[in-house]
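Participant: Let me begin by handing over the structure; questions about it come next.
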Amino acid sequence: MDFDLTGYTRKHPFFGAVVGRVANRIAKGRFTLDGKEYQLFLNNGPNSLHGGAKGFDKVLWSPEVLPDGVRFFRLSPDGEEGYPGDLKVWVTYTLSGRQLAINYRAQTSKTTPISLTNHAYFNLAGQGSPDVYDHEISIEADSYLPVDDTKIPTGEVAAVQGTGFDLRQPVELGKHLQKFHLDGFDHNFCLQQVQSPRLVARARHPPTGRTMEVHTTQPGIQFYTGNNLDGSLKGKGGITYPKHSAFCLETQNWPDAVNKPHFPNVLLHPGEEYNSTTWLVFNSA
């Protein structure tokens, strides 16, 4: 199989990438730590998204092959994309049977916000399938974060009960979007605030019987239905990726947590270790 790096170095919407130093959006690309204001690059309208102009998705990492996987390392230098502190980052992928584990670890020389995720896109019907409308989705969340028109959380933690965001029971995605007149999802769902791993989301493709479960230690998960895919990018086999042709379930801290004191803590201090794991479990009927 030929691997071509240029597909990843050219512009694309974070296909398969590790995202950091802070996943999702920071309002106005600005935050204050210990009385000092930090300004990040604005790469998403008035906000900073997924680490800035050259985030963790756009750099080459150092690989280390393991018996059951691979570990990637990089040093994000102090001031990179405007963030404080030398940040050492290890991301380890291990495969065990039908389970893919992604472990993120980091250590910093200065206090910094950090929230790492993986931005893989999925379509359980297989490569080249035109949409995910026939998928069933469930997310174990009693609340979600409403956003403003630039996709920054308003600060409200809203109950899903009685709304189109109630995905606690499986819904067929296409019918659900129609029923609630939604253009798609691009929202953080608030998970139980526990450090222990738990099942947080499940996707199922009834025609094939394929399922994917997401287990994580993270406090949030961004459910994104590929709303910005527009068919302009070609993937494997020359296939194009139109709107709603894939979904992402990105485990994360809550967006803009660095500016919202009542959101889960997003700061890593010197001497501490950031350590989070997400497991993807695949099955077929």
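The backbone N, Cα and C atoms fix where each Cβ goes, and this holds for glycine too.
TrEMBL labels come from automatic prediction, so no person has curated them.
Note that the structure is a prediction, hence the values are computed from the model and not measured.
Residues or ranges marked as beta-D-galactose binding site by TrEMBL: N24, R25, H119, A120, Y121, D186. Positions annotated as active site, proton donor by TrEMBL: H119. Residues or ranges marked as active site, proton acceptor in TrEMBL: E250.
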Participant: In angstrom units, rounded to an integer, how far apart are the Cα atoms of R25 (beta-D-galactose binding site) and E250 (active site, proton acceptor)?
Facilitator: 13
Participant: Cα of H119 (beta-D-galactose binding site) to Cα of E250 (active site, proton acceptor): how many Å, rounded?
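Facilitator: Pair distance, Cα basis, whole Å: 6 Å.
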Participant: Taking the Cα atoms as reference points, how far is A120 (beta-D-galactose binding site) from E250 (active site, proton acceptor) in Å?
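Facilitator: About 8 Å separates the two Cα atoms.
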Participant: Taking the Cα atoms as reference points, how far is E250 (active site, proton acceptor) from Y121 (beta-D-galactose binding site) in Å?
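Facilitator: The Cα atom of E250 (active site, proton acceptor) is 9 Å away from the Cα atom of Y121 (beta-D-galactose binding site).
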Participant: Which whole number of Å gives the largest C-alpha distance between any two of N24, R25, H119, A120, Y121, D186, the residues noted as binding beta-D-galactose?
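Facilitator: Looking at N24, R25, H119, A120, Y121, D186 as a set, their Cα atoms extend up to 19 Å apart.
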Participant: Any idea which of the binding-site residues R25, H119 has the thinnest Cβ neighbourhood at 10 Å?
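Facilitator: Selected from the binding-site residues R25, H119 on minimum Cβ neighbours within 10 Å: H119.
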Participant: For N24 (beta-D-galactose binding site), list the number of other Cβ atoms lying within 10 Å of its Cβ atom.
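Facilitator: Its Cβ has 28 other Cβ atoms within 10 Å.
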Participant: Are there any residues in the same chain, six or more apart in sequence, whose C-beta is under 8 angstroms from the C-beta of D186 (beta-D-galactose binding site), and if so which?
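Facilitator: The list for D186 (beta-D-galactose binding site) reads V147, K151, Q222, F223, Y224, T225, N227, given in order along the sequence.
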Participant: Looking at Cβ-Cβ distances, which residues of the chain lie under 8 angstroms from Y121 (beta-D-galactose binding site) while being 6 or more apart from it?
Facilitator: F15, G16, G226, Y241, A246, F247, C248
